[in-house]
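Undergrad: So that we are looking at the same thing, I have put the structure below in structure tokens.
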Amino acid sequence: KLLGAAVGIFLFWDCNISRVAKINGVWEASQASWEWYCVSYLHHWATFIGAIFAINQPIASLQLRKLESLNLLTNTFAKMLLSGTLLVLALTWAAGPLRKSATVYNLSHPYFGIIPTLLLVNLRSVNCWLREHHIGMLAWLGKYSLEIYILHHHASNIVFIRGYPRCNFLAVSVILIFTARLLHNITSVIRHMLLPANEEEKCWQNTVACSVGIMLLYAAACILTWAEAVSLGTISTITMIVGILLYQVLMEMTWSDYRGTAPKLKKNQFEDDEEAEEGGTTKVSPPLLATLSIFLLGYALYQSVLTNSSHSCNPNHANKGRWVPLNACLARRNFNTMNYFGPTQCSTLNTTEQWAWPEDTCGFHYHSGSELRQKLQERRIVFIGDSSVRKLYHSFCRFAGDLTAGGYEGTSTSHSDASTSFGSTSLEFKWAPLSVDIITKIKSTKASFSREREGGPDIIIAGGGVWDKLHLSVTDEDQSSQEETIKTLASELKSMRKMFEASVVWFVPPIINTVALNSDEKRSQISEGNIEEMRRMYHELGVPQSASFILDGPHFTQDRVSDSFDGVHYPNHVYDAGSQIVLNALDQLWGGDMNKSIITRSYLPATSSLINPYLGMMMLCFVLIGLFYFDGYFGVGYLAQFFVKKMSLSPSELYKDAFDHHPVSTAQDQTSKVEYNESVGLTGRSSSSLSRRR
């Protein structure tokens with residue numbers, strides 16, 4: 001069975017069976033399936049190798065105890081050979097694959113990541129004292145590791161105590177562990193009820209019933225998604241109703257059997273039949289009380305999260321900052337200019353201003369260049385739009401480290417695409433002055449992903465409208481055509497969000513300084529009044545609603561209009577404010593932690609590049625050694641025999657004794673029978689310990 005499972009793993013992950021089945025691209029068809037395949041690829045051998053080691057663990061344990069029954073010198077050298085071999089392999093792994101980039105390492109991890117784990121297990125068991133001691137807290141947590149793993153995805157975004165991350169981590173951890181423990185106990189009880197021991201027929205019936213129930217719930221979820229009726233209220237109502245129904249069904253189907261087979265956790269846990277008979281009130285009250293408790297606790301938690309966490313801070317709140325003056329009196333001290341102007345003049349020289357959030361309660365702050373590079377690592381950011389979007393692109397480049405970005409440019413370079421990268425962060429600008437150009441660039445981005453399996457963008461920042469008003473709003477026909485184009489743009493933005501699961505930012509055009517426009521045509525066509533009409537039309541036709549976040553250009557430029565030197569563009573520090581607004585909004589969109597490790601298309605390769613049949617065949621060979629030569633260390637365990645001639649220590653010869661409750665020594669073992677019988681226990685000295693472990 002295990003060999004068949006190994007062949008299945010080999011065919012599914014290490015061979016391109018999708019090409020044989022003519023289903024190329026099935027995993028890249030959606031973000032969820034693509035991520036599942038790539039993440040499962042990273043560990044597709046780990047669990048299976050662990051299962052083989054667990055099967056052979058009694059043999060490895062017996063081998064270790066036999067070694068400890070020998071003299072100190074032989075025992076030491078044999079253990080050193082086993083551990084040393086694994087250590088050399090681990091050092092080779094550390095000097096080779098571990099030093100590669102994340103993308104390259106991911107390709108080798110499924111095949112070599114088990115080496116340090118085997119070394120850790122060996123070193124943990126190499127000494128009798130180490131085997132007899134462990135950290136009780138970790139052992140206790142290990143009982144609930146599965147539940148913690150499932151629940152931590154939901155707990156990662158909960159913030160009770162804003163501004164105190166360590167205190168918040170402690171509070172969330174306590175709730176997480178308590179919930180995991182409760183879920184573990186509930187699962188154990190339901191398992192005994194649905195899958196009673198020694199009743200195979202009933203187990204099959206309940207399994208089929210559970211499968212049908214899961215499919216019905218999945219169908220209900222699909223219907224809710226199709227009807228766009230997914231909301232907290234809908235999910236809560238359905239959960240409570242289904243919970244009550246499931247409770248009643250489980251109690252009716254399994255309670256009588258469970259009373260007789262379940263382990264009795266407390267004395268007199270179940271009363272006699274007469275006292276245990278439930279009346280109507282007794283049957284109805286538990287689910288109603290549970291529903292009321294869940295409702296009250298859920299409502300309290302929801303209100304707490306709304307009050308104290310990032311959920312109370314809508315990403316659009318990042319726009320609600322303002323320009324604050326910097327104190328020139330403090331600045332002059334930093335530059336040793338004490339004698340340049342006096343105290344009287346100092347109070348009138350507060351002309352430098354910085355964008356900030358003075359009344360902020362959401363943790364908005366200035367993101368330094370190093371913080372930006374750290375938070376945007378392994379991400380692809382695409383800017384699509386006119387010259388204002390290009391200015392924002394240059395601002396990101398400056399924060400990322402290119403201080404010359406946004407300097408003087410001729411029209412030959414300013415009206416063209418650009419791209420750069422900073423480490424693992426990719427920044428791209430696609431010149432699209434008109435709305436129809438933005439649509440074209442979006443379609444080309446989607447086409448390149450479908451055709452070349454190019455990594456999709458994680459962040460899309462688009463904007464425009466000024467050039468449309470300048471060139472395409474002369475006649476009523478132009479106006480009608482423009483409206484259709486804007487509707488298409490809204491649809492394409494929504495499509496990008498769905499296809500790449502990316503954060504889409506729409507940059508509303510900044511305020512126009514009409515008097516500074518350099519031609520009569522521009523003052524006539526793109527005056528602030530006309531651009532405001534364009535902004536309203538984009539809003540009415542759904543463009544801002546299609547984005548994840550709206551960068552409110554008019555808001556952060558309304559106090560800087562006089563700084564607009566040509567009526568349209570602003571100095572670099574104004575666009576730096578826009579970049580800070582976007583970064584803080586992304587903090588909220590990404591659950592308050594932009595630096596969390598997420599799987600994105602930009603740094604996991606296409607599934608076809610993950611296939612490696614040669615390394616897969618290598619793993620099959622190790623599986624054969626583990627299964628048919630009974631070695632949990634996949635061949636390394638046989639090295640112990642080199643130092644021992646009078647006793648059989650090879651795993652294949654220890655198989656029978658390891659799984660026999662009354663082991664019989666071989667002829668070679670008779671010479672050391674007395675010594676072995678005294679020391680086969682884990683301590684090697686205590687006879688009581690020996691009998692207890694036997």
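Every residue, even glycine, has its Cβ placed from backbone N, Cα and C.
Relevant sequence annotations retrieved from TrEMBL are reproduced here:
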- 28-201: domain 'Cas1p 10 TM acyl transferase' (DOMAIN)
- 45-64: transmembrane segment (TRANSMEM)
- 76-96: transmembrane segment (TRANSMEM)
- 102-123: transmembrane segment (TRANSMEM)
- 163-183: transmembrane segment (TRANSMEM)
- 204-226: transmembrane segment (TRANSMEM)
- 232-250: transmembrane segment (TRANSMEM)
- 614-640: transmembrane segment (TRANSMEM)
- 666-694: region 'Disordered' (REGION)
- 685-694: compositional bias 'Low complexity' (COMPBIAS)
Undergrad: Which stretch from 45-64, 76-96, 102-123, 232-250, 614-640 shares the most C-beta pairs under 8 Å with the transmembrane segment (204-226)?
TA: 232-250
Undergrad: What else in the chain is close to the transmembrane segment (232-250), if you only count residues 6 or more beyond its ends and a Cβ gap under 8 Å?
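TA: Result: 190, 193-194, 213, 217, 220, 224, 283, 286-288, 290-291, 294-295, 298, 302.
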Undergrad: If you average per-residue pLDDT over the domain 'Cas1p 10 TM acyl transferase' (28-201), what number do you get?
TA: 86
